[in-house]
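See structure below.
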Amino acid sequence: MSNGTIRGLLLSDKQADRVVPPTGFTAQLTVFVAGAMAFMAVFALALSLASGRLADRWSQELAKAATLRINAPAEQRAAQTETALKLLRQTPGVAKARALSPEEQAALLSPWFGPDLPIDALPVPQLVEVTAGEPGYDIAGLRLRLSAEVPGAVLDDHTRWREPLVDAANGLRRLGLIAILLIGGATAAMITLAANAALAANAQVIEVLRLVGAKDGYIAGAFVRRFTLRTLIGAAVGVVFGMIGVMLLPAASDEGGFLTGLGFRGIGWGLPLLIPVLGAGVAFAATWAAARRRLKELS
Amino acid sequence: MLIELENVGYSYGGGELLSDVSVSLAPGSFHFLTGPSGAGKTTLLKLCYGALLPTAGRVQVFDRDMGALDRDDLAMLRRRVGVVHQDCRFLDHLPLSENIALPLVVSGRGQRAEDDNLKELMSWVGLSSRAEALPPELSGGERQRAALARAVIMSPDVVLADEPTGNVDWDMSQRLLHLLVELNRMGKTVLIATHDLSLIRAAKSQVQARVLRISNKGLQLAGADL
Ligand SMILES: Nc1ncnc2c1ncn2[C@@H]1O[C@H](COP(=O)(O)OP(=O)(O)OP(=O)(O)O)[C@@H](O)[C@H]1O
Ligand SMILES: [Mg+2]
């Protein structure tokens, strides 16, 4: 199918459109289903974009941060911390290494122990904040060297609790994308059924058209134009309602976490506008294929 | 030759209906095809415009083998062959005038340019007052006249008419015959399938016609016995 045929098929042809009788009820159903599918596609898209953003943020921000804990008797703690910091600064890929001050450590513990904690009197390990550069450092190598030189050091790169979160967010994104694909497939199936029904209902018309010298492309065009246009209109309305729905969701906030982040950001708002176009493309292909199949059965 | 059948056989699945039929229609010739009901007249016409393909032998139209045409070629070919179908099928949702102009519309020539032509043709077949009627509102004879008008609106090289006067009175059948004779005088090839022998006799005074008769699955030239 060349570009010319596609243009020829879509170009409005009032007379060709009159030649095939209007099919009121199928038309309304097609518009409705296209609208409903587009509405759902907007939410699936919002979900998948939001969880994608979340997964990216968690994996990026947290991947850079690690904590080194130095468990040592009070008298060795300062020396070991010094060694560890020196070692960290020499490690390629480590952008920053900083020992937390006693005040910072106290602040971390205050939610549990209250504000007036005599932190010096407690065997609290010294914490060192390690920030990775771009590219990062070799964790296994670093652990090996630390264990040799700083016996009390434990490196926690947050993998343990980061990974399930990132996995969950990625899983959600995948589900969103699968939902969009399924919506596309269901739309194609629905249009195929509707187009087949319209073609069957008009079998007599098609036969007369063939007998007076109409080409398959001319006949198929009348059907393809209709279904493409109906899907475009239905999907456009569905997308508008879907976007209004997403807009009415509460704005992103830290307290709300994931749920309030559901929505579009920046040029992301342009993405749903692709849905009617893609829907129309699906309708075009489905109707064209159905018409081609059907017409071949006639002489 | 405009239409040429070579040793054509046809069967709908059971026994052979036509067998070893050879005939050629020269440009500008006028033919009648006759034979008893069920002999295969309509079938033979269908072979000539590609609605059926022969099960044996070869059909050539405008020197092209019908078996070798693709669907678009066949559509193009049908624009040069005007057919009056025995069952006169129309698009029931369009008024008569648009039905008659349908071949122009589907071939992309549009309807407006030939409006005069259309009006003239409709008055020729006596349907001027019925232009806005829908096909289901027409009488059998009106449908036949409309079918003839639709068949000739493209000014085709060949007109194949299947019982074009089956449902009309004698006067109208003479008018339709005269229209076909007129077309033949303009150089068109005409083939009329009919079992109405009086029509054939009436034509003999106006045009030099060859009468072909289907009998015993074959095609014979009918003689002076008509
Ligand atoms: N589609 C078909 N399938 C099976 N048999 C058919 C089909 N069409 C026609 N026939 C049979 O083929 C035979 C010839 O039919 P055809 O219509 O060609 O006859 P005809 O000479 O035009 O008859 P009439 O004068 O009644 O129009 C008939 O016996 C008919 O029953
Ligand atoms: Mg017949």
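Just so it is clear, glycine is given a Cβ too, placed from its N, Cα and C backbone atoms.
Automatic, uncurated: that is what TrEMBL annotation is.
Per TrEMBL, the features are:
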TRANSMEM  A:29-50  transmembrane segment
TRANSMEM  A:175-199  transmembrane segment
DOMAIN    A:178-296  domain 'ABC3 transporter permease C-terminal'
TRANSMEM  A:231-249  transmembrane segment
TRANSMEM  A:269-291  transmembrane segment
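For the transmembrane segment (A:269-291), the residues of the chain that approach it from at least six positions outside its boundaries are 1, 6, 9-10, 34, 37-38, 41-42, 45, 49, 184, 187-189, 191-192, 195-196, 199, 216, 219-220, 223-224, 226-232, 234-236, 238-239, 242-243, judged by C-beta separation under 8 angstroms. Sequence-remote contacts of a segment are chain residues at least 6 beyond its ends whose Cβ falls under 8 Å from one of its Cβ atoms, and for the transmembrane segment (A:231-249) they are 30-43, 46, 187, 191, 260, 262-264, 269, 272-273, 275-277, 279-280, 282-283. Counting only same-chain residues 6+ beyond the ends of the transmembrane segment (A:29-50), those with a CB under 8 A from a CB of the stretch are 172-177, 179-180, 183-184, 186-187, 190-191, 194, 227, 230-239, 241-243, 245-246, 258, 261-265, 268, 271-272, 275-276, 279, 283.
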